Every structure is written in C-alpha cells, then in structure tokens.
Amino acid sequence: MSKAMVRYIIVVAVLALALGHVPHCLSSKTVGGGYLYPQFYDHSCPNAQEIVKNVVAKAVAKEPRMAASLLRLHFHDCFVKGCDASVLLDSSGSIISEKRSIPNRNSARGFEVIDEIKAALEKECPHTVSCADIVALAARDSTVLTGGPSWDVPLGRRDSTGASLSGSNNNIPAPNNTFQTILTKFKLKGLDIVDLVALSGSHTIGNARCTSFRQRLYNQSGNGRPDYTLDQSHASQLRANCPRSGGDQNLFFIDFVSPINFDNSYFKNLLVNKGLLNSDQVFVSMNGASRELVKKYAYNQELFFQQFAKSMIKMGNISPLTGNNGQIRNNCRKVDA
Ligand code: HEM
C-alpha cells in the first residue's frame, strides 16, 4: 500500500472517530483482511470480465428473464454468510444446499449460466476467478443489458467452503415480512433505508410466483379480506391467474409496465398502489422516509440509477472472503477437496 494511501486511511479513521461513525470505506468487514478492487484480475485473467459479459449476454438474449434471475442470485448470495458463492453449492457430504431454503426453492435460478461462465473461465485461466466474483459481475452485466446503470465491480472475493440453510431462511427478507423486519434484515447486513429502497428497484425486472403475493389478493390480515393497499381493479386482474388455491407456481411480472427493462417504472407502480409484492408496497404505505425515496426515484430515474449502482457496490462488499480465506472453487456447485 502506498504512503499516500496509508495517510488517507489514517486521516479518514481519525475523522470517523471524531465524528463518532465509521464511514463505509472502512466498514466493510472482509474476512482475511484484504480488500476488493475492480482491477483484481487485470494481470491474472485480463479477459475475465469480457468472458462473463459474453456468456450473460447470450443467456439473456435467449431468455430475457435470466437477467433478473442473475441479479437476484447476487442478493441471495450476499445476505447469507457474505458474498461468497455459498448459494451456488449443491448438497453433498456435510453441506445442505441453500437452494433448498424457502426463498430459493422453486425460485432461485441461473445456476446453469454461472456454470457456463465458470467453465469458460477455467479454460482461459484455470483456478483464478472465484464463483463469488462471477456472480457479482453477472449481476452488473444483467443490469446493464436490461438498460440499467453500470458500475465498476470491486473484485477479489473468494468462495466459501460451506453453506447455511438457516441463514438463507432467516436473513433473506420474505414478501410477507413487515417494513420494520425487512429494514432490520438490511441493517444487520450494514445496509440502510436508502440501500433498501434503491436495491428493491431490482424488482423493475423479473417475475414472482402466485404463492409470493396471493395473500394480498385474498387474505392479507388473516381475516379473509383482500389488501386495500393494492389497487382493486389491478387485484381482480391478478386473481384471474392466481386463484385462492392452486396455481402456486404461476408467474407474474413484478413490474407489469416494463418487465424486461431496467427503469424506474417499479417506483411509479408503487405510487399508484400497483406493486405486486407486499414487501414492495409497504415502502409507500408504512413509512414516510421510504415513501419519499420511492417518490424521488419515481420522478427521477437518474437519481435511482446513481443510488442503485452505489448500493450494489455496498451489498457486494458484505463480508467477502479474501486473502487465504476460503478457496477458488473449480466447480461452483462443489467445494474443492
Ligand atoms: C427488500 C426485500 C426483498 C424481498 C422481500 C424480495 C422478495 C422477492 C420475491 C418474493 C420475489 C419473487 C420470487 C418468486 O416468487 O419466485 C423476488 C424476485 C426478485 N427479486 Fe427480490 N426481494 C427483495 C429484495 C431484492 C433485492 C435487494 C434484489 C437485488 C438486488 C432483488 C432482486 C429480485 C429480482 C431481480 C427478482 C426477479 C427474479 C426472477 O425473475 O428470477 N430483490 N424478490
């Protein structure tokens, strides 16, 4: 590390102590003491980012929804033991796969695309690029390919040697969680209300199953009444394909206005009570601060894009393994012996 860098870190640390808070640049807890930076593979695998982008582009051209699925994988990875590719591990030996958890079962997807990227990278530069970094890059590329903002992805994560089914069940917010529970789950990961609202803007692309929002159509408060924070003519359209019972896996666009474009229409939908998931609509119905953020992003797409990029970097910094911790897996589904 250069002298100037050391001096900068000391100055920021002293200021932080004086002000009584820890700025984000010093707060990312990397396990292994290292830090992430975008040029990590510049010498060891100069084509890594290009290879990831090409495979993601091919997959999204074949199936536009794949962009959403890859973006969500990064979130479901980072919220469980940090961004360490634990979500990619299959069950074997002592490992119980996170793919079996409630948020992931019949829902998380994109694993074959990650496999294809990994195979291409192993050919180009064996045992170099981690699965965790592949997921982070694929999330960025998916955002860009659907029309969203770009950012330089800090790299250098290593892969876990374990998974946590309970972490996946408990840390990832559920669509029927209250606003406070969702915010608490984000805060536990070092993310704030601004990150929460901006990152939820990911729901501008992708699908949700009937089972993820049915209670809004029929039984929101357990008393058999529908949820009146949902526009009622919109609700009756949704009921057509999401019956009171059955059809659990039927798919709906989360942003019905522009389901494969990364834009700010998700926020506009919330303002007219047409959010699909209860966990999205509560930003408008339950909290003044989040409501203001929704308005801000609904009126100004550029502000949303800027914050989204910042918050994605912050999320990508959740407890990465660095240095000699963890490993670079050969196959993203299995721990190397
Ligand atoms: C704030 C709390 C959140 C909750 C409660 C939540 C919940 C959900 C649910 C229930 C689905 C539909 C799953 C299904 O029915 O199969 C979904 C889809 C999705 N989520 Fe979230 N989510 C949250 C935050 C996020 C964040 C932070 C991101 C990304 C940074 C994200 C990205 C996505 C994407 C892109 C999809 C569509 C996936 C696809 O089509 O395959 N979500 N989310």
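Backbone N, Cα and C define each Cβ position, glycine as well.
Cross-referencing Asp195, Asp263 against the Ca(2+) 2 binding annotation in TrEMBL, which names Thr204, Asp255, picks out Asp263. Taking each Cβ in turn and tallying the other Cβ atoms within 10 Å, the top scorer among the disulfide-bonded residues Cys45, Cys131 is Cys131. Note on the domain 'Plant heme peroxidase family profile' (35-336): its mean pLDDT in the predicted model is 97.
Around the Cβ of Cys78 (disulfide bond), the same chain contributes Lys189, Met315, Gly316, Ile318, each under 8 angstroms and 6 or more positions distant in sequence. His76 (active site, proton acceptor) has Cys332 as its nearest neighbour among the disulfide-bonded residues Cys125, Cys242, Cys332, going by CA to CA distance. It is Cys210, among the disulfide-bonded residues Cys210, Cys332, whose Cβ has the fewest other Cβ atoms within 10 Å in the structure shown.
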